[in-house]
Amino acid sequence: MGGHRPMRRIIKALFKFLLVVVPLLIIAVGAGMLWLSRSLAPLDGEISITGLSGPVTITRDANGVPHIKAATRADAAAGLGFVHAQERLWQMQVNRMAGQGRLSEMFGEPTIGTDRWLRTMSIDKAAEASLSVMDEATADMLEGYARGVNAWMNRKPQAFSSKLPPEFVILGVEPEPWKPVDTLTTIKMMSVSLSANVDDEADRLAFARLGFSGEEIDDLLPMLDADTPPPLPDLKALLGLESGPLEQASLDGVGEEMAMFDSVTAERASNNWVVSGSRTDTGKPILANDPHLALMAPSIWYLAHLEVTDEFDTPKNLIGASLPGAPFVFLGRNDKIAWGFTNTGTDAQDIFVERVNPENAEEYLTPSGWQPFETVSETIRVKGAEDVIFTRRATRHGPVLPGSYKNLESYLPDNTVAALQWVALATDDTTANAGPPLFTAETVSDYQALMHDFLTPMQAMVVADSEGSIGFISPGRVPVRDAANEVMGRAPVPGWDALYDWQGHLPYGQLPRQTNPEKGAIGTANTKIVGPDYAHFLTFDWEEPYRQNRVDELIVDATGTQTMETSRAAQGDIQSEALADLRDRFIEAVQPLEKSVETEGFISRLSSWDGKMSAGSGEPLVMMAWARQFMIEAYSDDLGAAFKNWFKIRATAVEKLVTGKSARNWCDRIDTDTEEQCPEILIESLDKGIADLKARFGDDAGSWDWGRIHIAHGEHRPFSQVEALSGFFSVDVPHQGGPFTLDRGQTTVGDDKRPYVNTHAASYRGIYDLADLDRSTFIQTTGQSGNVFSRHYRDFAETWAKVDAITIPAGPVADPKGTWRLSPRQDKPTTE
């Protein structure tokens with residue numbers, strides 16, 4: 001018995017220790033949380049700032065939207081910089097460091113590949129060079145914005161409070177002063193997320209390397225019926241490609257470049273429309289816009305109201321979506337006009353295969369002979385690890401891409417590299433100059449004229465004015481290619497052949513535009529924006545036409561009276577023409593075949609489905625699973641290592657296959673002696689898809705709920721990838737819609753862990769009533785604050801998911817929640 005006494009003493013001592021330590025730990029954690037929670041910006045305060053020309057007041061309303069009143073545009077920019085720093089400083093830090101290729105200084109080894117790619121692009125260097133082409137008004141706003149950001153960062157914090165948001169404290173990061181070039185870098189990063197042609201080019205290169213013909217490649221990446229592109233040439237012969245299976249290493253997908261920040265890769269999707277007053281209930285135009293971008297926490301956008309009182313003859317208001325890191329309202333309205341963007345998707349990127357001199361690896365072949373690469377040594381500083389040093393190379397076309405980017409090293413011939421020419425890398429980028437004139441533009445023609453400076457990324461913009469005009473302009477720098485260039489931007493081309501060099505850019509007067517069209521309405525949704533009479537080439541890689549068809553049906557070609565409510569209903573439309581069509585094709589194809597009782601039951605269930613991607617319904621999930629599994633069964637064996645990069649629900653390609661219009665029978669299994677046909681693969685796919693759904697969501701198919709499964713996931717960088725923190729920092733909300741609906745919800749079907757989660761949707765919705773602009777409505781995806789302790793961190797999420805919105809009138813704030821007063825400090829102006 002006595003042998004138990006030492007153990008009792010140990011237990012007793014341990015118990016006493018825990019009695020002391022556990023409460024201390026609880027107190028310490030609680031104190032730490034309290035300290036971090038006090039990083040929230042006070043709603044009221046005063047501060048003096050060097051360089052202001054007069055006082056600035058910032059009044060927040062009940063939704064956390066700041067109403068900034070200033071004498072000049074530069075002072076208003078300072079106010080916006082101040083509130084951006086208060087609410088979104090971590091987001092600004094991440095975007096700035098990404099643009100500079102310095103993420104690894106904060107996050108360590110997981111982002112080395114991302115930094116290497118972004119450092120190779122030299123986005124920040126192009127931004128720095130572009131400072132020299134900023135006009136005076138833009139330069140003043142950039143300087144003013146930096147003053148506002150730095151004023152908040154340099155303030156003296158409250159007692160017992162964190163000076164910085166929680167992410168800085170947790171990761172031990174100290175932000176550098178904000179500079180005007182950081183704003184231009186941030187704006188250029190939007191081009192990264194909106195430029196997808198390089199992905200299509202890399203896919204076509206991979207398919208050619210696998211030995212597929214031009215017609216077979218067109219099966220996988222179909223052109224629109226409205227286009228008649230020349231046949232894709234034999235890329236194997238053009239580039240000297242070998243044929244055969246790809247290296248297994250390339251199964252890693254996009255490679256390490258986007259391992260942690262893969263959402264910077266591009267998806268092209270957005271909706272906008274404008275309707276003339278002759279077709280509305282008010283007699284004035286109505287304009288609506290919802291740009292689709294990666295879902296982030298906090299939202300990409302920050303709502304704001306800027307009022308400039310003294311710079312012009314009358315006060316000027318600007319209200320809408322601002323981008324943290326920049327002093328402009330990108331989407332919204334002023335006192336006379338409203339506007340909205342979608343991504344045109346113009347072909348502004350070309351991959352050039354450059355032949356390396358086998359006798360001197362420092363040279364590459366040009367039309368005039370061997371020339372040296374431009375080289376710069378780059379050092380990536382890595383938190384907790386050794387620096388990574390590499391040589392950044394460039395050719396006459398642009399930066400040499402890392403071999404692992406899109407697995408290019410697996411596809412390219414020996415002794416070659418790939419260089420990227422891209423308009424976003426221009427060193428004379430005047431895009432930011434389009435920002436300041438938005439305060440004063442009064443007509444559609446004013447707006448179309450000021451967008452002359454907008455170079456990248458090319459956007460399809462609709463605009464309306466209070467006098468009743470509506471219009472459209474698609475500004476941007478569009479490469480001109482030689483008429484004899486049979487590739488026309490669809491695939492990589494030989495860099496040593498001058499035939500494929502760009503011949504300049506389209507003049508602004510030749511870009512697509514409309515004013516007051518006969519139909520009385522204009523709508524765009526990323527598909528072809530020009531008619532057959534348009535003489536110039538923009539791209540062959542338009543988006544699939546399904547959303548455009550719904551915009552035309554509900555708005556452009558509709559016969560009824562249009563209202564704010566009909567536009568809101570259209571933004572929330574969840575009819576999936578694509579999946580309903582595939583459902584019909586699939587069921588027709590499998591009708592003659594024998595099926596199990598369970599399979600017949602699911603087919604019957606889908607037969608009566610109305611095609612709506614409704615929350616609370618199981619049919620959208622079943623149809624998505626069927627389409628997903630069919631693509632895996634039909635294409636993955638043929639594409640092998642190239643499948644993952646290409647894989648998403650490609651409705652036009654699938655429809656072409658199941659209707660027998662493909663150049664190749666992709667349903668035939670390459671590892672069997674028999675020739676399988678699509679109907680039997682469709683039955684197998686449905687059975688496997690249902691089994692997979694049961695394994696994920698339970699056997700009770702009646703309980704499957706598309707809304708809960710298709711959750712809109714707002715990703716926090718980087719804490720959504722930290723399991724212990726993800727639930728705290730991510731913003732998730734059940735969501736309707738799907739990849740092809742106007743209320744879009746793109747799914748990551750290639751991600752086996754979460755194939756039906758919504759990661760790309762309407763990042764902002766605006767509807768503008770030109771009869772009374774104060775009736776206009778606005779919403780973004782999460783909330784105004786980027787501080788997880790704020791009640792405004794996620795308070796917009798459910799409103800957004802319901803396709804509801806708020807108003808932001810230009811007048812005095814009805815229910816002010818606090819006011820900051822910024823006053824001039826009389827010393828030497830500085831942005832540091």
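All residue numbers here begin at 1 and follow the chain in the order shown.
Keep in mind that glycine also has a Cβ here, set from the backbone N, Cα and C atoms.
Owing to the predicted nature of the structure, the values given are computational and were not obtained by experimental measurement.
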Can you pick which of Glu201, Glu486, Glu518 TrEMBL lists for the same Ca(2+) site as Asp347, Asp350?
Glu201
Helix, strand or coil by DSSP: which one applies to Glu201 (Ca(2+) binding site)?
helix
Cα of Asp350 (Ca(2+) binding site) to Cα of Ser270 (active site, nucleophile): how many Å, rounded?
23
Where does Asp347 (Ca(2+) binding site) sit by DSSP, helix, strand or coil?
coil
As a test of the contact definition, list every same-chain residue at least 6 positions from Glu201 (Ca(2+) binding site) whose Cβ is closer than 8 Å to its Cβ.
Gln349, Asp350, Ile351, Gly489, Arg490, Ala491, Pro492
I'd like the Cβ neighbour count for Asp350 (Ca(2+) binding site), meaning other Cβ atoms within 10 Å of its Cβ, all protein chains included.
28
In sequence order, which same-chain residues at least six apart have a C-beta under 8 angstroms from Asp347 (Ca(2+) binding site)?
Asn197, Pro479, Met488, Gly489, Phe537, Leu538, Thr539, Phe540, Asp541
Residues that sit under 8 angstroms from Ser270 (active site, nucleophile) by C-beta distance, when 6+ apart in the chain:
Asn289, Asp290, Pro291, His292, Phe341, Thr342, Asn343, Thr524, Ala525, Asn526
Same chain, not part of Glu201, Asp347, Asp350: whose C-beta falls within 8 angstroms of the C-beta centre of the Ca(2+) site? Give them in sequence order.
Asn197, Val198, Asp200, Ala348, Gln349, Ile351, Gly489, Arg490, Ala491, Pro492
